[in-house]
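One structure below.
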Amino acid sequence: MALRTTAAARSSVSGALPGADERRLPRTLHPLAWWMWALALATAVSRTNNPLLLLLVLAVLGYVIGMRRTEAPWARGFKYYLYLALTVVAIRVVFRAVFASGITPHDHFLFSLPHIPTPDWYAGIRLGGPVSLEALLSAAVDGLRLACMLCCVGAANTLANPKRALRVLPGALYELGVAVTVSISVAPQLVQSVQRVHRARRLRAGRTKGLRALRGIVVPVLEDALERSLRLAAAMDSRGYGRAGRATKASRRLTGGLLLAGMCGLCTGAYGLLDAGTPGFLGLPALAAGAALCVAGLRLGGRRVTRTAYRPDPWRFEEWTVAGCGVVSAVLLFADVGYDAAALNPTLHPLSWPTLPLVPTAAILLAGAAGFLAPPPLPATGATPAPAPRESARRSRKATAK
Amino acid sequence: MITFDHVTVQYDDTDEPVIGDVDLTVEEGELCLVVGHTGVGKSTLLGAVNGLVPHFTGGTLYGTVTVDGRDTAGHPPRELADVVGVVGQDPLDGFVTDTVEEELAYAMEQLAVPPDVMRKRVEETLDLLGLAELRHRALHELSGGQQQRVAIGSVLTAHPRVLVLDEPTSALDPTAAEEVLAAITRLVHDLGVTVLLAEHRLERVVQYADRVLHLPGDGRVVSGPPADVFRTAGVAPPVVELGRDAEWTPLPLSVRDARRAAAPLRTRLAGLAVPAARPSPAAGDRPRLLDARGVSVRHRGQLLPAVREADVELRGGETTALMGRNGSGKSSLLWALQGSGPRTGGTVRVVPWGAGGAGGSGAAGDPAGARDPGAVSATEARRLVGLVPQTPTDLLYLESVRQELDQADAESALADGPSARAILDRIAPGIDDATHPRDLSEGQKLALVLAVQLSAAPGVVLLDEPTRGLDYRAKAQLTRILDELTAEGRAVVVSTHDVEFVARTADRVVVMAEGEIVADGPAAEVIVSSPVFAPQVAKVLAPLPYLTVEQVTAALADAAGGGGR
C-alpha cells in the first residue's frame, strides 16, 4: 500500500518539476552519504518528544524514499520497517496499560483493568488497575520516537544498497565484509537444501516432524553445506582471495597490538564515562586515545591489503549536500538556538496540544531536501522486471479471475 | 606452458599413489582433454596444475609441477590466480558475489587490477561470452548454461594463460552444454588460452581436442593426439567406437568426419534388417501398472504450472526415458506421480505390484486394486512407487551402509521379500558394510539409494537424473540394473539428458516442454528423428534407424553369418 502511494507521489512530483530530474545524470549516491544522512536524522529524533515533529520526520522519510528509491529487491523493504515501527508503538502502549503506574487526581481516567495482586517480594510491579490518558499518550509518544529512529535506519537500508555499503568498510575489515556477503548468498541455498531434504524424507516414509526426524534432515543438510563451503573456499583460493600483499610479520604484529590496545582504551573510556565514581582521566581521554589507536591499527592493517574496488562509488558534491542536510538538522536540534527547548518535549501534565516550533521544523524540512538534492537513481535494468510485464501479469490474473 | 616432471601424488588415507611418476608437457594454446573413469585421479591431476593439490587438499606431491615458469611448490593457488583460472562442476558453488558484473570483477579485485583496466576487461568479457544482456542479473536467476559461462568469464577477466575446467557441462542439458563448449573453443581459437578439460560425456568434446591425457587407472597418464589415444583408450564416445569397429583410418572424432567415412558402411547396411536396440520383452505380458490422467502441478507462488495436464501410462517390463530441457517439468511430474510432490489436478492410479500385479490386472478399465499414491500414507506410497531423487544423498543420514540398509528394512516392514542388503548385493556387489555412505562413488551411492527404495518392493521405479556425474562404466551398470528391474516386470522411468544412455536403456521416450508432453513413443521413433536428441550413431548412419554401435556390429555379424551359410 505504502509503495503504491510513494510511486504516485513520485510521478506527481516529477510532473510538478518538468525536466528537473531529466537534466541530471542518474547515478547511485555513495552509500555512506545516505547512512550519514539517516543516522544524523535519527540523532535529531532522539532529541525530541514532540509528536508533531516526529510525524514530520516520518513524512520526510517517506518523501525522500519515494523520490530516490530504486527498483532493486532490497529497496522494497521500507514497509516492513513501518510494520515494525507500528508494532513497537503498540507494544509500548499495551505494556504501559498492563503494568499500570497508578493514577493521580489530575489525570484523565480512561478505563480500569482488573487488578492482579502480586506477592510481597514482587511489590515493585503492579499488574492491572486504572489507566490514564496521560500514561497512554506518553507511552505512545515514546514508542513513536523509537519507531522514528527505526524508520531512519530502514530508510538508509532502502536507499543505499547494503552490499555496496559493506564495501566501504576499511581494508582491514574486508574479510568481515566477505563473510557477511557469502553468508547472505548462502542462506537461501541452505533453506532450499532443507526443503529438498525434508521433501525427500517422505520418499523413505521417514518422519517429517519431531526430534527424531531432525537428524534425518540436519545430517544431510549439514554435510551438503560443509562440502559446498569447502568447494567455495577452494574456488576463492584459486581466484586469488587472501594474496599476501606487502605485509611483513612485524607490521602484522604491530597492527594486532595497536588494535588490542585501542579496544582496551575504548572499553575503559566507556566504563569511565558511565561510572561517575572513576577518576576523570579514565573517561573521555581514554575513549579518545582508544579510538585513535584503533584508527591507526585499521589504517596500518589496511595498507597490507593489496586490492582494488570495481566501479567504486565516487564522493562528489551531491554526497556532501545529502550528508550535510542530515548533519545540519541534527546540529540545529541540539543547538537550542532560536527556539524554546521546552517545545521539543511538550509536557503532558497538564495535557496540551503540542506546538510546532519554527526552527526545528525548518531543520527537519531541510533534511527532506535530500529528496531532490540527491541525483535520481538509476532506472531499473534487465535485472528487475520492468513495469510492463508485471502490469500484464496483473491483468492476466484479473482476466482469469473473471 | 604446463610441465609435470616425475610427479607422484599420494594421499594420506590410501596406500597407492593416485598418480605415479607422471611426465607430461602441455603446449601453449592447446585444448587438452583429460579422460578416464571416475576415481582414477582426473581431479587430482587438474588440481595439481594450480596448486590446489596439495596446498588445499592435503596429501603429498613429489616431483615438480611448473606452470608458465612458476613452480606450484612455492606458489599456493592464490598466488597463481593470475596464471591459472579454475572452473568447477557446479558454478553456483564458486560464486562469491551475487550479480554477474561483480562476479566478473571479483578475481581482478583480488589481483589489485587498476579500476579503469578492470572496467574495460569486464566489458570485453561480457561481449566475449555473450553475457552483455545479463550484466545486472542476479546469479541465481540464470540458467545453468549462463551460470557456467559467468563462471568461465569470472576467471577469464584475470587474463590467465591456462584455463582448467573440471567437468564443466556435467550438470547441464545438451543445449546448455553446447553453449558452454562453444564458448570454450572460441577462447582457444581466438585468445590462445591453454585449456585443460575433464569431461565424462566425451561425445561432446572429443572433436575439439588437440591432445588427450588418458588415465587408465593404474596411476599412469598416457598423453598423445586424440586419434592415437582413442585407438586403445578404455573410454570412448560412440562415434569412436564405431570407427574402431569399422577400422576407419584416420579415426573419426566428429560426426561429420565419421559420416564422410561411413558411406560404404551405409550401403552395406542398407539392405539388412535392423536388429532391435533393446531386447524386446514378451509381447502381451505388459500389465498397466500406473495410469495418470491430466496431471497438473503448480508450485506455490508461481503463475505458470510446472506440469500441465500430462497423461502418462506405465506398463510393467518397460523402461521409459523422460527427456526435455532443464525446468521443463520432468522432476515435478515424477514427484507428482510418486505422490510426495504437489499435484493440483488429475488422477494417478497405481496397481500394487506382486500380489495384485500378478493377478492379471492387465485387463482394460480400472483394476479393483488400483490406488492413488498421493492419497495413501507415505509408507503405502513407497510400496506403490519408488523414487530416487536428483540428489540421492538427501536420503542418507546414517554413519554406515549397514545402518542405512537396516533402517530401510525397518521402514519398509515387509514380512516377505528380499532384504535391502540382498538387493544391494544383487545390483551392485562388493559394497562394504562399514563404509560411510558419503565415501561411496556416485554410482555406488545411487545403487545404495535404489536398494533402499527397492526394499519396499514398489512396482513402479522412478529415477530423477541418475546419470549425472556417472562415467561410461557406471552408466552401463545402471543400464544393466534397470534391465533387471524391468525383467522382473516392474515399470521404470528415468529422466535424463543423456541421449546415448537413452539409446541403450529406454524402450519408450517421453519428451516434455514447458510442462506439457510433446512426444511419446518408442525410443527409436522419437529420438532418431530429433536433431537434438539423436545419438551419434543415428546421426552418422541417418537415414538408417540405428541407435547404438552394438546394433551395427550385430547387423554385420548377422550378414556375415548369413553369407557364410
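Using the three backbone atoms N, Cα and C, a Cβ is placed for every residue, glycine included.
Here is what TrEMBL says about this protein:
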REGION    A:378-402  region 'Disordered'
TRANSMEM  A:52-68  transmembrane segment
TRANSMEM  A:80-103  transmembrane segment
TRANSMEM  A:172-191  transmembrane segment
TRANSMEM  A:254-274  transmembrane segment
TRANSMEM  A:280-300  transmembrane segment
TRANSMEM  A:320-339  transmembrane segment
TRANSMEM  A:351-374  transmembrane segment
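Ranked by number of Cβ pairs under 8 Å to the transmembrane segment (A:351-374), the listed stretches A:52-68, A:254-274, A:280-300 are led by A:52-68. Here the transmembrane segment (A:320-339) has long-range neighbours at 29, 32-34, 36-41, 43-44, 47-48, 357-360, 362-364, 366-367, 369-370, 373-374, meaning same-chain residues at least 6 beyond its ends whose C-beta is under 8 angstroms from one of its own. When Cβ-Cβ distances below 8 Å are used as the criterion, the transmembrane segment (A:52-68) is approached by residues 2, 6-7, 9-10, 13, 29, 41, 44-45, 78, 141, 144-145, 148, 151-152, 155, 158-159, 344, 354-357, 360-361, 364-365, 367-368, 370-372, 374, 376-377 of the same chain, each at least six residues removed from its ends.
Residues of the same chain lying 6 or more positions beyond the ends of the transmembrane segment (A:172-191) and with a Cβ under 8 Å from any Cβ of it are 163, 166, 221, 225, 228-229, 232, 241, 255, 297-302, 305, 307.
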